[in-house]
């Protein structure tokens, strides 16, 4: 047996050392995250505290890539998200008339909110649906209540 590992020595020794954990995996993880030389075997009473101290910096490093860049302050991040064009929600086929009308009013028929970077709008009031064309909020609600439309219970 030319290359014996720590676990092989523990198996051969037997006795009190047979209960000792194999620290090979922990050593490899420590080397991976830059904690070389930490081969100390934790004591029974202190194991959870030691594990949380060792794991806290690694989980923090792992989640940093998913967060926003550190050069953006929270205020800048907020305004960037507020001013960027929003995508229309995915439309479901089985929507009721009221929710469809509200969605159309909020998002518009072309899927873009009015004045939020809608492409192809030359005038500033092209996306506005108001009293002139009769497709505002109240008009759409009153159109829903016409006879012959809606659920069979209302007719």
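Positions of Cβ are set from backbone N, Cα and C atoms, glycine also.
What Swiss-Prot lists as region 'Disordered' is 1-72 (among others).
Marked as N-acetylalanine by Swiss-Prot: 2.
Sequence annotations record features per position, and here Swiss-Prot assigns deamidated glutamine to 12 based on experimental evidence.
Taken from Swiss-Prot, the feature compositional bias 'Basic and acidic residues' applies to 37-49 (among others).
Look at Swiss-Prot and you will find 73 (among others) tagged as phosphoserine. For residue 73 (phosphoserine), applying a Cβ distance below 8 Å and a minimum sequence separation of six or more within one chain yields no residues. Reduced to three states, the DSSP call for residue 73 (phosphoserine) is coil.
Taken from Swiss-Prot, the feature phosphoserine applies to 84 (among others), supported by experimental evidence.
Among the features that Swiss-Prot reports, region 'Disordered' is placed at 113-155 (among others).
For 121 (among others), the entry in Swiss-Prot reads phosphoserine.
What Swiss-Prot lists as phosphoserine is 122 (among others).
Residues or ranges marked as compositional bias 'Basic and acidic residues' in Swiss-Prot: 123-134 (among others).
Under the heading phosphoserine, Swiss-Prot lists 135 (among others).
Taken from Swiss-Prot, the feature phosphoserine covers 139 (among others), and the record attributes it to experimental evidence. Packing around residue 139 (phosphoserine) is summarised by its Cβ count: 16 other Cβ atoms lie within 10 angstroms of its Cβ, all protein chains included.
The feature phosphoserine is assigned by Swiss-Prot to 140 (among others), with experimental evidence given as support.
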